[in-house]
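Step one of this worksheet: look at the structure below.
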Amino acid sequence: MVTMKLLYLTSFASLAVANGPGWDWKPRVHPKVLPQMIHLWDLLQGAQQLEDFAYAYPERNRVFGGRAHEDTVNYLYRELKKTGYYDVYKQPQVHQWTRADQALTVDGQSYDATTMTYSPSVNATAPLAVVNNLGCVEADYPADLTGKIALISRGECTFATKSVLSAKAGAAAALVYNNIEGSMAGTLGGATSELGAYAPIAGISLADGQALIQMIQAGTVTANLWIDSQVENRTTYNVIAQTKGGDPNNVVALGGHTDSVEAGPGINDDGSGIISNLVVAKALTRFSVKNAVRFCFWTAEEFGLLGSNYYVNSLNATEQAKIRLYLNFDMIASPNYALMIYDGDGSAFNLTGPAGSAQIERLFEDYYTSIRKPFVPTEFNGRSDYQAFILNGIPAGGLFTGAEAIKTEEQAQLFGGQAGVALDANYHAKGDNMTNLNREAFLINSRATAFAVATYANSLDSIPPRNMTTVVKRSQLEQAMKRTPHTHTGGTGCYKDRVEQ
């Protein structure tokens, strides 16, 4: 596999150098021109194609390694390859896929529950017991929890932590109830944890959790939790496309993820991001570039940022240093949207990205200002596909329009829409289809993407050179991410919202 990766890198670089001058006859891309070449019809047509892939199969989703996801990957590869403008390859990798069926009854009444990804199977009938506080330390767990089903509030720590601590306390299983309105999906982040063995674990709604607590306070409550988890290894692919022209030693990278959750086709999450990037990539073919542009389409984001982590970790230090910046586009057309920019300078959430991230944030701020659109920052905590880039000192930024977080009155005044309603009420649900896209946000953010691509394809003068003085130490950033509170004020969303709180 190492040899294969080196061959990819060698061929990629050599092709770029060999073919670069052949594109010089085209006019240089301009940040005022490229955005005007992005049209809503093209965006909607691409999104419809993704929905068609999902609905062609009984699963009606685009989970990584499934048939509709394979169709998505092959579609992106073909569309980019046929332009002749890019060197395109599919990067193979093997990751563990899992799904589950489940049922929860309490004193004979059925409740909706969602198994957390990577949970073990279980069929347990046992008393429910409330865990103190947020279940993030051993002291929160009652001494008499052995054989019982732990009932835990969402918040503060990862679901994996709650699962492991439940197991250590002897619980037969765990239920985590939401801390905001609505149901809850989650993941343990991986098949195993260095913290210890998992207890079977599922999520329930805030309303159901509160109702169960009241029942427990009135007397003994018996629950049956049945989880049937299925696990298999799946071969899947990233799609990487780099311009044949432009300096391959100064690469502008951008990306989004190609997979959905099991519940639905994922047309906003993240069909919006990958189709936007594809439309921008096609428009770019009419121009020449000074700096190489690399479009990245990541697999298995919903299972733990697997595709982007695999890719960045496959690059040696020399190849990583060629990537001058990374732009992330995940959920850019939420129906009740807010226009949000990742907080690269740390002014809003006290977590600063690698040197250059602040400049990326400023570029998007300037663009929104130029088209008279308001904007707000969103938390840059590394729990999206930019994580691997940040941890390796690569500056990052991007756009986001919100997930399950509730729109505030202030946001409604800025962006319109309905206060008191989720930014994306169909987040991680079967309703994330074509009807879930806000067309205005889709077009605004796709043109913002084009503006950024055209700007950086022309000049990277605003981005500091990559060297040891500009690299954020990995350990420092990881610790900062762990300390960052998850308050839902930034819209949350996607994988990062499923691993904790």
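Using N, Cα and C of the backbone, Cβ positions are placed for all residues, glycine too.
Swiss-Prot names His257, Asp269 for binding Zn(2+) 1. Of Asp208, Asp330, Asp343, Asp345, the residue it gives for the same site is Asp330.
In the three-state DSSP reading, His428 (Zn(2+) 2 binding site) counts as coil. Distance noted between the C-alpha atoms of Glu302 (Zn(2+) 2 binding site) and Tyr427 (site 'Transition state stabilizer') is 12 Å. With respect to Cβ neighbours within 10 Å, the binding-site residues Asp269, Glu302 differ, and Glu302 shows the lowest count. A simple way to gauge crowding: the CB of His428 (Zn(2+) 2 binding site) has 25 other CB atoms within 10 angstroms, across all the protein chains here. DSSP assigns Asp269 (Zn(2+) 2 binding site) to a helical segment in the three-state reduction. Counting residue by residue with DSSP, the domain 'PA' (119-216) contains 24 helix, 25 strand, 49 coil.
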